[in-house]
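Enquirer: So TrEMBL says this about it:
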- 23-288: domain 'NADH:quinone oxidoreductase/Mrp antiporter transmembrane' (DOMAIN)
- 26-44: transmembrane segment (TRANSMEM)
- 56-80: transmembrane segment (TRANSMEM)
- 92-114: transmembrane segment (TRANSMEM)
- 150-170: transmembrane segment (TRANSMEM)
- 201-224: transmembrane segment (TRANSMEM)
- 274-299: transmembrane segment (TRANSMEM)
- 289-341: domain 'NADH dehydrogenase subunit 2 C-terminal' (DOMAIN)
- 320-341: transmembrane segment (TRANSMEM)
Amino acid sequence: MNPLAMMMFLTSLAIGTTITLSSHHWLLAWIGLEINTLALLPIMTKTPHPRAIEAATKYFLTQATASALMLFSCLINAMQAGEWDINTPSNLMTNSLSIAIMMKLGLAPMHFWLPEVLQGISLVTGLILSTWQKIPPMILLFQISHNINLSLTVILGLTSVLIGGWGGIGQTQIRKIMAFSSIGHLGWIITILKLNPQLSLFNFILYTIMTTAMFLSMIMLSATKMSQISTSWTKNPALTTTTMLVLLSLAGLPPLTGFPPKLLIIMELIKQNMFISATLIMLASLLTLFFYLRLTYIIALTLSPNTHNSTIWRTPTKPWLVFSIINTMALTLLPLTPAILLT
């Protein structure tokens, strides 16, 4: 793709995100989301492959459906309340609006588009879709969290954690695994949204950091399948080791960055006397833990017989400083958790 065109599309993404984040008006927030969607479509199809075109079509249809439902909900609210202010949604439109935003995020049971879309696009575009594109809808959910239905968030959150783990177990494609991982993590975030929005925001920030680190690792290893990961040790042992640790961090194992949000969410659910929900979400997360451990096993304990025992590591020139900072944050933020939560 022409660098000038790519810069224009990325600028449009930034403008759409900024409009949504800074708006107090539902129509402006909707316009920002639409700019985001339309700017990402050409980036998806920069490689003119049938899978990329199919992924862009599925993404467009899903986002258009969610946008139509969102605009309909906003119009109903404007008719009832006589204003478009984001902080005053009526009870009637909050549920439909929440469902529309959750469809944009890819939460279960509106998740079917996400694995297929991620599988059809490049790793760089997948990184944008899994992190940047989640920011505007999540911020809108945080803004209406005080009016959102608790039963809706808990049921959809538990369903997402279960689907995220169950769907990822039989996958061999890294991008599909990351899609189901995203569904599972968003389930944790949504479950606690009504009870503690600050904790949800903390979890979302750590999810973004860990997912960015994982996608950057896959980009640097040029790996899209499990079989390619198993041969990465001879290419770059240090990068392969950090990739394995980032996977364990995504699984939520201590003492890595992914552990504190899960611990704090379980503690918050227990504090709210939601013992059944806490038990179910912990059991459902065991499914997710299984496929993360399977990936880690493939990296650490298997070695393809076709690889050579070369002592020269092939390390192409890439932005190692940015990657090192993101990886360090994805692994070592556990000691800083109390300080982050107090600020």
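Just so you know, glycine gets a Cβ as well, placed from its N, Cα and C.
A TrEMBL annotation is a machine prediction, not a hand-curated record.
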Enquirer: With pairs closer than 6 in sequence left out, are the transmembrane segment (320-341) and the transmembrane segment (201-224) joined by 3 or more CB pairs under 8 Å?
Expert: yes
Enquirer: On the 0 to 100 pLDDT scale, where does the domain 'NADH dehydrogenase subunit 2 C-terminal' (289-341) sit on average?
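Expert: Averaged over the domain 'NADH dehydrogenase subunit 2 C-terminal' (289-341), the predicted model reaches a pLDDT of 73.
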Enquirer: Using a Cβ cut-off under 8 Å, which residues of the same chain at least 6 positions beyond either end of the transmembrane segment (56-80) come close to it?
Expert: 26-27, 30, 33-34, 37, 40-41, 44-45, 89-90, 92-93, 96-97, 99-101, 103-104, 110, 113, 116-117, 120-121, 129
Enquirer: Restricting to the same chain and to residues at least six past its boundaries, which positions have a Cβ under 8 Å from a Cβ of the transmembrane segment (26-44)?
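Expert: Tertiary neighbours of the transmembrane segment (26-44) are 1, 5-6, 9-10, 12-13, 15-20, 52, 55-56, 59-60, 63-64, 67, 70-71, 74, 77-78, 84-86, 104, 117, 120-121, 125, 128-129, 133, 136-137, 140.
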Enquirer: Using a Cβ cut-off under 8 Å, which residues of the same chain at least 6 positions beyond either end of the transmembrane segment (320-341) come close to it?
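Expert: Sequence-distant neighbours of the transmembrane segment (320-341): 198-199, 202, 206, 209-210, 212-214, 216-217, 220, 242, 245-246, 249, 254-257, 259-260, 264.
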